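Q: Before anything else, here's the structure in question.
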Amino acid sequence: MDQTCSLESFLNHVQKRDPHQTEFAQAVREVMTTLWPFLEQNPRYRHMSLLERLVEPERVIQFRVVWLDDKNQVQVNRAWRVQFNSAIGPYKGGMRFHPSVNLSILKFLGFEQTFKNALTTLPMGGGKGGSDFDPKGKSEGEVMRFCQALMTELYRHLGPDTDVPAGDIGVGGREVGFMAGMMRKLSNNSSCVFTGKGLSFGGSLIRPEATGYGLVYFTEAMLKRHGLGFEGMRVAVSGSGNVAQYAIEKAMAFGARVVTASDSSGTVVDESGFTPEKLARLCEIKASRDGRVADYAREFGLTYLEGQQPWSVPVDIALPCATQNELDVDAARVLIANGVKAVAEGANMPTTIEATDLFLEAGVLFAPGKAANAGGVATSGLEMAQNAARLSWKAEKVDARLHHIMLDIHHACVEYGGDNKHTNYVQGANIAGFVKVADAMLAQGVI
């Protein structure tokens with residue numbers, strides 16, 4: 001494309017290339033809209049078709065996964081691995097198992113992952129993978145057979161210096177273990193390229209907690225910069241999985257009163273706030289095969305909002321930790337009307353573009369996921385470092401490194417985020433991540 005093309009021309013070009021990939025187009029629009037003024041002031045980043053290369057994955061692998069269920073019936077699923085950008089290191093990003101998974105979602109996640117990984121300052125490129133397989137309601141044997149069948153194709157595309165997957169929605173420590181074990185068997189190599197592994201075979205302490213902890217570390221830094229803090233604040237958390245659970249734990253440790261959790265069926269509201277004991281029980285319920293927050297609400301006699309999200313509950317801080325596009329413009333209006341002071345994304349792109357714009361216009365502090373939830377991949381990078389050195393660090397060391405990385409990410413966002421009075425963290429995160437990747441791509445030539 002012409003280096004003098006407009007933002008809309010560029011976005012139309014992306015849309016025409018993949019007209020049905022709405023999630024990917026949304027992610028590109030969100031990033032490029034904030035980048036464009038910076039690009040106009042720094043035209044060297046328009047050379048050598050850098051932007052066109054940046055929005056095109058280096059490689060997309062699509063394949064079928066054939067496996068046997070418990071009834072000995074043949075099942076067929078689709079799987080993908082999007083190896084988006086390796087300019088600053090091996091592809092790094094999770095594997096997602098969910099019926100909604102498609103190429104558009106994985107491209108959006110891989111695109112976001114590229115900038116997120118760059119923000120950590122660790123040498124990791126961006127990638128993402130997954131399948132439309134649904135682990136819910138499956139037996140452990142079925143999950144194992146699916147994971148092993150998937151790896152018979154995927155293993156040939158992975159390696160510690162090539163592509164290092166991890167977990168995501170539907171992929172926890174159990175699934176990572178099954179995939180890493182099959183990878184070891186097929187490759188005849190014990191390097192176990194996955195991160196998020198069990199502690200018994202190369203995993204890192206604090207890795208399960210890292211995304212939730214990192215979210216709270218980043219949010220606390222953002223609040224402190226603007227004269228606020230978690231202490232005494234009412235907090236709404238969406239989701240009840242790994243990220244939500246550890247975000248609740250760390251927010252409580254910082255003195256917040258967390259009043260909600262949710263799942264796809266509804267929201268539990270606890271006006272007195274979570275306690276460590278209540279959170280432990282929620283984690284137990286969610287770890288069971290069919291555990292729902294409705295069960296938790298009944299057990300403790302709490303308010304349950306069936307089919308609703310948490311955003312109607314008046315709070316000071318909102319932490320969306322469930323899934324993409326869960327917080328739309330209508331929910332944003334309600335939060336703003338109820339006096340929300342800060343929103344920080346624990347999930348990947350949980351806030352729609354329109355809702356994000358509304359928060360920024362209203363002066364609400366807003367932390368985008370590529371910065372706020374980078375703690376998970378940052379600690380995966382630390383796991384890779386421990387594996388390479390054949391060492392295992394104590395939890396305190398990993399947590400301290402994670403906290404330091406999140407503060408560094410916050411500093412980078414502030415550096416590129418505009419005026420000192422009210423930092424635009426969306427702009428700051430996008431520009432900071434872009435500059436790191438773009439400089440590496442330009443230095444390596446047209447490849």
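Cβ from N, Cα, C; glycine included.
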Q: What does Swiss-Prot list, out of K92, K138, K341, as binding the same substrate as Q113, K116, G167, S380?
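A: Matched candidate out of K92, K138, K341, per Swiss-Prot for substrate with Q113, K116, G167, S380: K92.
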Q: Which of the three DSSP states, helix, strand or coil, fits G167 (substrate binding site)?
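A: The residue in question, G167 (substrate binding site), is coil (DSSP, three-state).
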Q: Listed recorded positions are K128, D168, T211; which of them have CA atoms within 10 A of the CA of Q113 (substrate binding site)?
A: K128
Q: Max Cα-Cα distance in Å among K92, Q113, K116, G167, S380, the residues listed as binding substrate?
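A: Between the outermost Cα atoms of K92, Q113, K116, G167, S380, the distance is 16 Å.
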Q: With H, G and I counted as helix, E and B as strand and the rest as coil, say where DSSP puts K116 (substrate binding site).
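A: Its secondary structure by DSSP: helix.
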Q: Measuring Cα to Cα, how many angstrom lie between K116 (substrate binding site) and K128 (active site, proton donor)?
A: 12
Q: Calculate the distance in Å between the alpha carbons (Cα) of K128 (active site, proton donor) and T211 (NADP(+) binding site), and round it to a whole number.
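A: Distance (Cα to Cα, whole Å): 16 Å.
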